[in-house]
Amino acid sequence: MGSAESREGRRASFGMDEEERVRVLQGIRLSENVVNRMKEPGQPSRVGLLAPPAAALGPSGGREKDSKPPRPDCGSGRGPPRVQVDPLERCDWEQAVLQDELVRVATTEREAAASPRSVTLRRGEGGVDQEKQRLAQRARELESQEEELRCRDAFYKEQLGRLERQNLEAYRLSSQQFHEAATKIEGAIKPRRVEPVCSGLQAQILRCYRDRLQEVLLCADLVRAYQHCVSSAHKG
């Protein structure tokens, strides 16, 4: 379980519970005792000589005779003899290391996942501030445009009133001048008395025609006298 062959031949798979604790390792759910031991810092590893179990020697004792004890390398100067770690302790140690690595990876992932949100929030706040500034600037521009329109409206109203007053004054002056000129011309023209020409002869001719309807030729002398009178009036 803790040997190099086991580590190279099997891959560790893990799962985390709601408290972010590793509970599954290589398909095996960890117990509370193992988790507690993984949490304890600085736990000394129990190292001792690993004696082969009695079952591994077999029923016959011939192998004990053939097997030779290992010779210590006293003269080599390479240090103390090699010791073998208890597989259970080695498994616990590997699980503790794996637990620390998983916690570190989970923490790193949480920080990496949280940093874009914080950056996005800061960017969002900056965007909101920029939008507020843009709206405030637009409001000031609209207020300035409205003020300019009010000034122009007042100016045009004043100019229109001035033009109306000028036109009214010009109309009154023109009307007064017209009446004065008409009165002056009427005074300069002399009236003439018109009387009908040869009115007496005209009345006699009309009476003659009424009295002598059947003898109108008898009125010829009066007609000639009326024509002579009219011709004289034209000449005179």
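A Cβ is built for glycine as well, from the same backbone N, Cα and C atoms used for every other residue.
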Per Swiss-Prot, the disulfide partner of CYS208, chosen from CYS198, CYS219: CYS219
Disulfide-linked residue for CYS198, taking Swiss-Prot as the record, within CYS151, CYS229: CYS229
State the non-local partners of the domain 'CHCH' (195-236) in its own chain: residues 6+ outside its ends, Cβ under 8 Å from one of its Cβ atoms. none
Please list the DSSP helix, strand and coil residue counts for the domain 'CHCH' (195-236). 33 helix, 0 strand, 9 coil
